[in-house]
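This is the structure I have questions about; it appears just below.
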Amino acid sequence: MVMAPLFGYLGDRYSRKYLMAVGIFFWSLATLVGSFMPNYGWFLLFRCLVGVGEASYSTIAPTIISDLFVSDTRSKMLAIFYFAIPVGSGLGYIIGAEVTELAKVSETDWEAWRWGLRVTPVMGLLALALILFLVRDPPRGSSEGGQHLQATSFLSDLRYLFFNKSFVLSTLAFTCVTFVAGALAFWGPLFTKLGVLVQDHPNAKADDVSFVFGAIAMSAGLLGVPLGSFAGQKLRVKLPYADPLVCGLGLLFSVPLILGAMVLAEWNTIASYVVVFFGQVFLNLNWAVVSDIVLYIVIPTRRSSAEAFQILFSHALGDAGSPYLIGVVADAFKPYIHVNGTTTFFAPMDYDIANFTSTELTALDPFNATTTTPEPDDINADYVEFKSKQYAMFLCCIVNVLGAVFFFWNSCYIAEDKAKCDRIIAGAAPEREPSTTESTASSSSSSRSLASPEDSPEEEEEEEEKAQIQSLLT
């Protein structure tokens, strides 16, 4: 995450192929060495170093795709690339859990988890070989005729990105997405397992939760990522703001589904699995679309930096902190949750529940209106853990709504920012001797443009674009 801006800067200026290769090698090495660490401090250090490899690949790979393909073909290729995120996460649950089980020599073998990590370096080396022998690194902007654009100073790049409204708003919206995705990935299996444990007659096994949750994440990604890309491609034929609209609607539709899955986890695990699957499908609609947005609103020589800063902010303010925040909120709820018979009451911890009447208990409980005859406090540890995490996970729904608002806001600027990017790229295209027909058509088009003030950009914007093009060419 912290290294992403560095790789973004390098990716806009040096060989992207070899930068990715170095990052993947370092990623694999850090994962392997980390699996041998004897204490948590050293293990945490090497898990942080794994992020160096991710920073190289995540910032650079999409820009190579952007220089190989354009328009809808680019969108399709990005969809194929980005469904690797949910699919890889799902496979991580499945393979990690299965390898750990196979490596156990006894039920109390607490070291078997290390073998789950040692699968990753093998896949990393395979990816390294594919990059070195099969990946082609095209000139930046070659697919759009902008290969003559020149890299500018890092400060100029930053100024360009942070004054790009669509980039800022899509980054804020995507931060909300990663917040929810990180919280679900970290707490989802444990929360579901607690739901199984508190049920009187569970219809699922607690030991299978990680495997099933991984399968859900993987299958939801296989469906959701290409579905979002396909919807964006079809709608933007008529709606130039379709991409952020698809992302925003996906987040809104996921809210009741994720909320329903969290409520159902207490009563019916299978039903919870089904509902959370559809919730994650809608959540996954935006992975490829957001990257596509960044690539067509940012000029080719600044795309790696754009991907880098989006990764930095979305991870730093999103999935890097969301599991911790959910845990803190859950711990804050625990002192106020009391189990009385089959009912959970939400009340200040210094209240004596046994002395309250049924009516008073109902008034204290905003989440559960069910009442039973009060009995002396009988705290059920698993149930308190489950309810506290359930209340804390409701925060994900609020963040999803906030992300949808940012996407809808982005739809107000997306067409304008894309047109501005296209004009800069076109202005940097190499000059050639036009034919007579082309020259006549060009003169006619220019006359119409000058004669139609409503089709011309404002003078200040035009001057700014000219200055940007000049700086990129010199």
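Don't overthink the numbers, they just go from 1 along the chain as shown.
Cβ atoms here come from the backbone N, Cα and C positions, even for glycine.
TrEMBL lists 1-377 with the feature domain 'Major facilitator superfamily (MFS) profile'. What TrEMBL records for 18-37, 77-95, 115-135, 167-191, 211-232, 244-264, 270-299, 391-409 is transmembrane segment. Here TrEMBL flags 428-474 as region 'Disordered'. Taken from TrEMBL, the feature compositional bias 'Low complexity' applies to 436-454. Annotated compositional bias 'Acidic residues' per TrEMBL: 455-465, in sequence order.
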With pairs 6 or more apart in sequence, are the transmembrane segment (211-232) and the transmembrane segment (77-95) linked by at least 3 Cβ pairs under 8 Å?
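Counting Cβ pairs under 8 Å (6 or more apart in sequence), the transmembrane segment (211-232) reaches the transmembrane segment (77-95), since there are 3 or more.
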Under a Cβ pair cut-off of under 8 Å, which of the recorded stretches 77-95, 115-135, 244-264 contacts the transmembrane segment (18-37) most often?
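Going through each listed stretch, the top one turns out to be 115-135.
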As a test of reading the model: what is the averaged pLDDT for the domain 'Major facilitator superfamily (MFS) profile' (1-377)?
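So the average pLDDT across the domain 'Major facilitator superfamily (MFS) profile' (1-377) works out to 84.
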